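Trainee: So TrEMBL has the following annotated:
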- 901-912: compositional bias 'Polar residues' (COMPBIAS)
- 595-775: domain 'COPA/B TPR' (DOMAIN)
- 858-1012: region 'Disordered' (REGION)
- 95-127: repeat 'WD' (REPEAT)
- 138-180: repeat 'WD' (REPEAT)
- 181-224: repeat 'WD' (REPEAT)
- 225-266: repeat 'WD' (REPEAT)
Amino acid sequence: MPLRLDVKRKLSVRSDRVKCVDIHPNEPWILVTLYNGHAHIYNHDTQQLIKTFEICDVPVRAGKFVVRKNWAVTASDDMLVRVYNYNTLERIHQFEAHSDYIRSVVVHPTQSYILTSSDDMTIKLWDWDAKWALKQTFEGHIHYVMQIAINPKDNNTFASASLDRTVKVWQLGSTQPNFTLEGHEKGVNCVDYYSGGDKPYLVSGGDDRLVKIWDYQNKTCVQTLEGHSQNVGCVSFHPELPIVLSGSEDGTVKLWHSNTYRLESTLNYGLERCWAISCLKGSNNVALGYDEGTMMIKLGREEPAMSMDASTGKIVWAKHCEIQQVNLKQLTTDQPLKDGEKVPLNVKEMGSCEIYPQTLSHSPNGRFVVVCGDGEYIIYTAITLRNKSYGSAMEFVWSQDSSEYAIRDGNMVKIFKNFKEKKTFKPESGAEGIHGGSLLGVRSYSGLTFYDWDTLSLVRRIEIVPKTIYWSQNGELVCIATEESFYILRYSAEAVAAAASNKDLVSEDGIEDAFDALSEIAEVVKTGIWVGDCFIYTNSLNRINYYVGGEIVTISHLDRVMYLLGYVSNENRLYLGDKEMAIVSFELSLSVLEYQTAVMRKDFATADQVLPTIPKEQRTRVAHFLEKQGYRQQALSVTMDNEHKFDLALQLGNLPICYELALEMENEQKWLQLSDVATKRGDLNLVKECLTRAQSFGSLILLASASSDKQLMSTIGDHSRKNGQFNIAFLSSFTLGNLEQCLDILIENQRIPEAAFFCRTYLPSQTGRIVGLWRDKLKSMNMERAAQSLANPTDYENLFPGLVDAYKTEQFLQQTTKPRLARDYQTITPNWERHPMDDMKQAEDNEQFSYNPVQLNKHTRENDDDDDEEQFADADSVPKQPIITTTQAKPSPIVPPVKTNKPTSEPSTTSKLVPPVLASTASSSDRSRSQSPMNTATPSPPLKKPTPPPAVPPTKASSSAVPKATTTTTAKAAPTPMSDLEKELEEFDIDLDKDDDLQFDDDDVDEFLKDT
């Protein structure tokens, strides 16, 4: 078969003329040296230019990576060799190496040497460990030395190509060449060694447009390759593929088969003359340098020629033309295998193959191995590698029966039985590929066609273009993998047998019931195998997954591209290999796969027998599989994970198991989940316990209120208060009508202002005590003036209209409020429609209620400093009017109270503190203040009260004195701008135009603003 040289372009960049290219072995980099004196490093994965060296103004004809030193070495037409650190771009060293243009540089693979060749007809050896000392000069060519190459099999020898039409082979330490190869008619431009161990070959290309293959042991020309129309400027043996590459000034790169010397392909990218080729061992990448840029291509397929016989544990692979074998059964049991680690193996040489193997596969019974390549196939015995059969073929596939196989030769398909040709046919839609298994699959451009191996009758035509087809061992399941996804189908042999006797069941596209589509999965399958009804595969994301019953389970993530080889059931291990023939393994329990297979076949008797053999650590995975198949009850009994078991019991409504697991896990979320299910079931006792254990007091309040559970509500309040959830505690106490406890909660949390307003609304009798606490708190915060501005209703009842009625209503409600039954809810007047004060008055008028006066202590605090008496006059005392004359410099001081917060119970009254009537000059002289002109100018009478207490009425003279004094003083007072106090009072909603009695001096204003 011809080589599968799929050519993929990985990098294409335009630039000035490229003179040399080199590939970094560890990084995705290409070093490119240019005719314009620069050097570039490209990342061929990202297509980006990542580093640039501006070396000189003349052509840089050579450049190489020195990986072990992180160097890039360049040589140019100024006769200098320069060394750069390619990470820092720092120039490490430079020196003059030759007396003419330097054509080539090579790096010794093990020693600290580089070799340079030049137009001065010499080759020189330099040692960087000896400070770049010149170790040896090789002379013998009589023209320019164009290129040198070190022998990969003997690092002490190297070859040189010269325009003197010769190729010379040299030995390090010797001044004379070992021998000279002559045969080119014109100058030789390039040379390279074959890296394989089977042939002592080197290749050269010259201006005679020829490529010559030399045997350097026999010193003879083995083959001459003709085909280029211009000078050949670069040649290379590919280190991995049986390919010789040659680049020419005709703009083409030709790929020649290194065994048959047949021209396999010609590449022309339109970049003019090709000057450089670079290959890398262990990779299929090839870098090409042209007049107009650089190309990176990938040749062939990365998948190695490797096969495994799972029954015997033997793995066979091909390295170039050498066949090697390893036996997994010979592994020592001293050190157990670890997942993902390389398996230590003893490699056995089986022999050499006459063709270059591109594919290699065992027969189903493991007795034979077939090798395909170079348009041929050879069947060997697996044990001794003895040739059993051979022939020409482009493809080879095995049937499920090891004695039967098929080959494709062009559009013809041939069937063989016991190594003898049985049938030949040409498919109607053509044959682009064939696939083996229970049925013979033929791929064409239009789709896939399945044929019966024995009769070659059409079974089914499917409009899918597959990449690979995998059949299960029993032939019932098949995976069809395409470029974008894969399909799982079930094959019905019974339907095919029925159609054989009833032609009406056969249509133009075959037997419709032959296949049932089970699943389509949008994943790219790289390699795959069947184990029972489980399909194990590697995908494009380098993961090992397996598919069973619609479920995909990830076995492991891989750090590189790996290829599935097989599964050894008695070891419970899955084996994979990479392109370097490194073998790794992963544990995969056979009992798990057998159990899942039995479940998929609905063979529950077998599943129950297999279940005890499944390791405990694998049972949760099995339970997840059962759950996805809809067998939740079985999954509940299998799983070992309490979280999963709880979820399954919850789905099944098995509350006792849920309760036991919740007790064991003590997880708040589990209790809440269980309470939800118990609520739907109406099990309120379980709901109560779940919410209590979860400490979900908010939900418990809802439950307690809905079920009229007073004891539960009280318990919620106590527990939430202990746990610091005071909002819940307050709500609980409030719902129970325990107002005193609500007040205590507010005080406990230092919410004294809220407590004061709460008292004013619900517990007026406690207002005096709370105001005292409020004032104490303000004083402890150094807000003395703000504390003095608070009026205590115990001392100044006149400032709180309707306070006595509030006391009465509080007592009235305490006597009349009784628990009600829930069934009376619709007959009870809603709170927002009730008028408790009116109800109290009506009950009082009807003699159904008598008020028991509350004994309130005016001095609510032990250290009362009589601030209340100093700040507020008794409203019941007879007011004494001061004598005001027009010649008086300052009127008698008036001491008003400062405004407090707006009361909430009496919307009809003003929000400002109502000052008492004016005190006498004599009685207030010891606590008088200096007043500002504005406050002194316009004293006004007291504000009108809704229901003033009885008092001695003022005389006419005293009542008329105030307006006269006001008129007289106002005329003399000058208007002043708004002070800071006025702005502050505006923030407290105090209107100076209405509240003329408020008088402060400037010092008090400063102190007040400072405090507040």
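Numbers here mean position along the shown chain, with the first residue as 1.
Placement of Cβ uses the backbone N, Cα and C atoms for every residue, glycine included.
Note that TrEMBL annotation is computational and uncurated.
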Trainee: Hey, which bits of the same chain come close to the repeat 'WD' (225-266), Cβ under 8 Å, at least six residues off its ends?
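Mentor: Residues 2-3, 5, 7, 189-196, 201, 203-207, 209-213, 272-284, 286, 288-290, 299-300, 320-321, 355-356, 374.
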Trainee: Within the repeat 'WD' (138-180), how many residues are helix, strand or coil going by DSSP?
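Mentor: Secondary-structure breakdown of the repeat 'WD' (138-180): 0 helix, 22 strand, 21 coil.
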Trainee: Looking only at the repeat 'WD' (95-127), what is the mean pLDDT?
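Mentor: Computed over the repeat 'WD' (95-127), the mean pLDDT is 95 on the 0 to 100 scale.
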Trainee: Would you list the DSSP helix, strand and coil counts for the residues of the repeat 'WD' (225-266)?
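Mentor: Across the repeat 'WD' (225-266), DSSP assigns the residues as follows: 0 helix, 23 strand, 19 coil.
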